[in-house]
Amino acid sequence: MERLNLKHKLGDKWISTLASIWIQCTSGSLYTFSIYSPILKSTQRYDQSTLDTVSVFKDIGANCGVLSGMCFFVLLAAHAQTFFNTANVVTAVRNFPDYSGTAVGIMKGFVGLSGAILIQFYETIFHNKPTLYLLILALLPTINPLLFMWFVRIYDTKEQEEKKLLNSISCVALLLAAYLMAVIIVDHLFSFQLLVRIATFVVLLLLLSSPLCIVPSLRAREKDSSVIHQSLISEGQRFDQEMEVHDTRDSLEEDNLNLLQAMASVYFWILFFAMACGMGSGLATVNNLGQIGESLGYSNFETNTLVSLWSIWNFLGRFGAGYVSDHFLYVKGWARPLFMVLTLSSMSVGHAVIASGMPGALYAGSILVGVCYGSQWSLMPTIASEIFGVKHMGTIFNAITIASPVGSYIFSVRVVGFIYDKEAWGSGCSGTHCFMLSFLIMASATLLGSLAALALFCHTKNFYNQ
């Protein structure tokens, strides 16, 4: 009976994880703003500053866990994402406390990947019809969570297959990202016909469904009770060793802090400032990819390709930062904030590359910025849970993510939009001068953010070395 109960809980735990993944797959519509922003700009007769203001309200809705025409509707539509993200990320951390970095990386990674998934749906069903794409954004991200949210639950169990199964899901995620990148690049080179687009989209759906094979395979392994019993003994010893580490490094503060207590800590504001620089400048980049591509002479299809590829780089950053930081923390003892320092400084290089305006610079720079931007979404919630505790993690990390729309407003409206409108002649702006100064400013800001993260690393190094 005890073994059957364990089997039931194990199945529920992994079904909860898979349900969270599928919800995340349609929760990143904010990263596709560049698909419909040109038509929005032309039909509503917005200048660049006004368009960037609309994008900022999207970012406020998507990043602030709190409840203007067009701005109000964009805020309301994007606001739902905070509920999905908070529920899925906190559930993942509570279900996998020993592998929180990997679990957060998977959840945040699929949000990043969802932009490419949604664009593939758009290119297959509503090619070159951005107004119909807006209709899809109203329906699909609503229906999908309603179908799967009933399965997202917290299970306070620890099983012998956790790391292996998380690695299996990670492999599926990497395969999915590689497939999407291949489809995007080949489509860019040869322009798929409708039947080919449909076939590639069906394969995409099959890949998204493939994690369903993981849970039955785990259940099959449980049939041999003697093997399981032996595994539980050995894994129990390993968990005891790992929990000794976690017991000595439960959180930097003595107790699980609530939001007000966390805000009284210098660590909260260091994270807030670093995220305002990193997340804010990253959002300003993706929100303006359409206008940057247009000013440099890119076609609409090339701009859509850039946005799709951004989702891939975003995913790689979110997933990779969680997995890699987990590995080096437990194997090498490297403090997790060190990876925030490295990624923010690399993002500064990416902004400088885009500012150069050289041929191919937008592609190369968007890779660096996309990967490093995605990394912050994996590193920040995990670091927050380790410093402040997991009890109020959802509230605390959502409060820190307010830095994202704050930074987005500063960089998108006050920097990018303002400078673009000053450089524009007539109905638009053409040439590298339209965005060069803006990206040099953002490069300087992210470098300053990396210095703030370095201060956090220095202050928490002894804590992580325990």
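Heads up, the Cβ atoms here are built off N, Cα and C, so glycines get one too.
The feature transmembrane segment, as given by TrEMBL for the ranges 21-40, 301-320, sits at 21-40.
Long-range contacts of the transmembrane segment (21-40) within the same chain: residues 46, 51, 54-55, 58-59, 62, 77-78, 81, 84-85, 88, 106-108, 110-115, 117-119, 122, 130-131, 133-134, 137, 140-141, 144-145, 148-149, 152, 169, 208, 211, 286-291, 294, 300, 303-304, 306-307, 310-311, 314, each at least 6 residues beyond the stretch ends and with a Cβ under 8 Å from a Cβ of the stretch.
Sequence-distant contacts of the transmembrane segment (266-286) (same chain, six or more residues past either end, CB-CB distance under 8 Å): 31, 33-34, 52, 55, 59, 63, 252, 307, 310, 340, 343-344, 347, 351, 354, 366, 369-370, 372-373, 376-377, 380, 383-384, 387-388, 396, 399-412, 415-416, 438, 442, 445-446, 448-450, 452-453, 455-456, 459-460. Residues 89, 93, 100-101, 104-105, 108-109, 111-112, 271, 274-275, 278-279, 281-283, 285-286, 289, 292-293, 296, 298, 306, 309-310, 312-322, 325, 336-337, 339-340, 343-344, 346-347, 349-355, 393, 396-397, 400-401, 439, 456 of the same chain sit 6 or more residues outside the transmembrane segment (361-384) yet have a Cβ under 8 Å from a Cβ within it. A Cβ distance under 8 Å defines the sequence-distant neighbours of the transmembrane segment (99-119), meaning residues of its chain 6+ beyond its ends; these are 20-21, 24-29, 31-32, 35, 81, 85, 88-89, 92-93, 136-137, 140, 162-163, 166, 169-170, 173, 176-177, 180, 184, 204, 208, 304, 307-312, 314-323, 325-326, 329, 336, 374, 377-378, 381-382, 385-386. Beyond its flanks by at least six residues, the transmembrane segment (435-458) meets 267, 270-271, 273-278, 280-281, 284-285, 288, 291-292, 295, 335, 337-338, 340-342, 344-345, 347-349, 351-352, 354-357, 365, 383, 411, 415-416, 419-420 of its own chain at Cβ-Cβ distances under 8 Å.
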